[in-house]
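Visitor: Annotation comment: Swiss-Prot describes 1-9, 80-87, 134-144, 203-268, 325-330, 387-406, 456-535 as topological domain 'Cytoplasmic'. Residues annotated as transmembrane segment in Swiss-Prot, with sequence analysis given as evidence: 10-30, 59-79, 88-108, 113-133, 145-165, 182-202, 269-287, 304-324, 331-351, 366-386, 407-427, 435-455. The topological domain 'Extracellular' annotation in Swiss-Prot covers 31-58, 109-112, 166-181, 288-303, 428-434 (among others). Per Swiss-Prot, N-linked glycosylation site is recorded for Asn359. Annotated compositional bias 'Basic and acidic residues' per Swiss-Prot: 484-508, in sequence order. Per Swiss-Prot, the feature region 'Disordered' maps to 484-535. Here Swiss-Prot flags 513-535 as compositional bias 'Polar residues'.
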Amino acid sequence: MAKILTIVMLVFVSMAGWMFGADTGSIGGITNMRDFQSRYADRYDPVTDTYSYSSARQGLLVGMVNTGTTVGCLLSSPLGDRFGKRKCIMGWTLVYITGVIVQLTTIPSWVQMMVAKIWTGLGIGALSVIAPGYQSESSPPHIRGAIVTTYQLFITLGIFIAACINMGTHKYTTHPEAQWRVPIGINLLWGILMFFGMLFLPESPRYLAVKGRNEECMKILTRNAGLPADHPIMQKEYNAIQADVEAELAGGPCSWPQIFSNEIRYRTLLGMGVMAFQQLTGNNYFFYYGTQVFRGTGLNSPFLAALILDAVNFGCTFGAIFVLEYFGRRGPLIVGGVWQSICFFIYASVGDRALTRPNGTSNHRAGAVMIVFSCLFIFSFAQTWAPAAYVIVGESYPIRYRSKCAAVATASNWFWNFMISFFTPFISNSIGFKYGYVFAACNLCAAIIIFLFAKETKGLTLEEINQLYLSNIKPWNTGAYQRDREDIKQSDSEKERGPTSKLHEYVEHAPNSYASTHSTESENYPQQVTNPVGL
């Protein structure tokens, strides 16, 4: 069993998620604060004494952070390969801190605020790749899913805390600029904690193995697992890492085009698709524009409604730690996609057909129904698509390709994040709550994609996952492999053989087996991959 201290250290890396969540959770409320609007909005109505934004300006203020995050994702890969994940986490945290300082000290120029958000996004985007990758590579297999899930848990905690801060500051009148400067200033604290905390954490053991620092690699593995170096489990894990490193690096450094080669293209596109659909579920429709959306339902306190939604998001994410470890990855993603599609369909139908009365006033009962189904959507999203997307990307790639594949997958996430955050004002102003039908369709498509393409990886080591994807086992049959694997674990003789040979046995007897077309020697690291569903 992993030491408690190791678990705490790995969970601490999820502070990167908190930084991301704090930015996401604060911007929606900040753009609706009067002092901020008086400085950066481009419309003023003297009759009502209110400020408002054009769709373009609001989209840029909210969404441009995601252009920075997309670039940060792509930059994270070469720097992570060269300097290691620990040093890069610290470096990108400094980039984040710098961006927050510029936001905090900006003059009344919306362009300067936008540029500061882009700079902040560079740090957030890079950390969204490196931090879950560090956790995946450093965690013992039996708790890896739970550890990486804490990254999403901390995102939701950051969103919730930011909403609480917004709720407490949006009515400041003595020093009105404190309405939005306090939420932004507090975000500095999370970056500072992250930077100094990383001083006490070790480097990823798999990165050390790649660099030939084998003694340090074994030392960290044994410390993380709480077992001596001569323990059979440690020897098997260490030998598996060494074999994987030697095989994956035999072809030399990985170039960007190679992540779309036959050997890895299937997983590259899967990761990009999963991360894209995590955004296309529509979660950030609520997190970025929740305050504005709920104001449209006629509520007197849209800040409170957004806070309730964020609280549901945070509370339900605790369930994800259990869901992903007990039910795996495929099942929750499929069920979650269908559930979320239903929620958005009802949300859009009520908003489009029942929210506004013939006399133009809001139907508060319809508004309450919309909030309920918004919460039911978040109930599902927080336990399925929110954490599982990061888990899949963090554990699906072999060492040689891992940093670049994770970078392009996460860049896909941030690209669609930008598309939604920027175009939502335009679309909402055009079709109103019918926008929800788009997300309902996307959620249903996401469930189908997972059923057809994603393999079940619960409880496998990173090396076993690599071999599973190299096999011809159909994605919808990998659940059967998991059940067989649990049965095999009951046999003492099979325990002595080690987890890798268990996978080999299943592959040898699987339909359309990979083993039938490859020799035993080449089975571990084949040069050509037959994609199970034709990608």
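Heads up, the Cβ atoms here are built off N, Cα and C, so glycines get one too.
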Visitor: What are the DSSP helix/strand/coil residue counts across the topological domain 'Cytoplasmic' (387-406)?
Guide: 17 helix, 0 strand, 3 coil
Visitor: If we call contact 3 or more Cβ pairs under 8 Å (sequence gap 6 or more), are the transmembrane segment (407-427) and the transmembrane segment (182-202) touching?
Guide: no
Visitor: So which of 59-79, 113-133, 182-202, 331-351 has the most C-beta pairs under 8 Å when paired with the transmembrane segment (435-455)?
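Guide: Between the candidates 59-79, 113-133, 182-202, 331-351, the best contact partner of the transmembrane segment (435-455) is 331-351.
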Visitor: Can you name the far-off residues of the same chain, 6+ from the ends of the transmembrane segment (331-351), with a Cβ under 8 Å from a Cβ of it?
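Guide: 274, 277, 281-282, 297, 323-324, 366, 369-370, 373-374, 376-377, 380-381, 383-385, 388, 432-437, 439-441, 443-448, 450-451, 454, 479.
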Visitor: Of the listed stretches (59-79, 182-202, 304-324), which one yields the highest count of Cβ-Cβ distances below 8 Å with the transmembrane segment (10-30)?
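Guide: Going through each listed stretch, the top one turns out to be 182-202.
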Visitor: Who are the long-range neighbours of the transmembrane segment (145-165) in its own chain, taking Cβ under 8 Å and residues 6 or more past its ends?
Guide: 7, 10-11, 13-26, 29, 131-132, 135-136, 139, 182-183, 186-187, 190, 287, 303, 306-307, 310-311, 313-314, 317-318, 320-321, 324-325, 329, 382, 386-387, 390-391, 394-395, 458
Visitor: Where does the residue listed as 'N-linked glycosylation site' sit in the DSSP three-state scheme?
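Guide: It is coil.
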Visitor: Please give the sequence-distant neighbours of the topological domain 'Cytoplasmic' (80-87): residues at least 6 beyond its ends with Cβ less than 8 Å from one of its Cβ atoms.
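Guide: Sequence-remote neighbours of the topological domain 'Cytoplasmic' (80-87) are 129-130, 133-134, 137, 198, 201-204, 207, 211, 253, 403.
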Visitor: The transmembrane segment (182-202) and the transmembrane segment (59-79): do they have three or more Cβ pairs under 8 Å, with pairs 6 or more apart in sequence?
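Guide: Counting Cβ pairs under 8 Å (6 or more apart in sequence), the transmembrane segment (59-79) does not reach the transmembrane segment (182-202), since there are fewer than 3.
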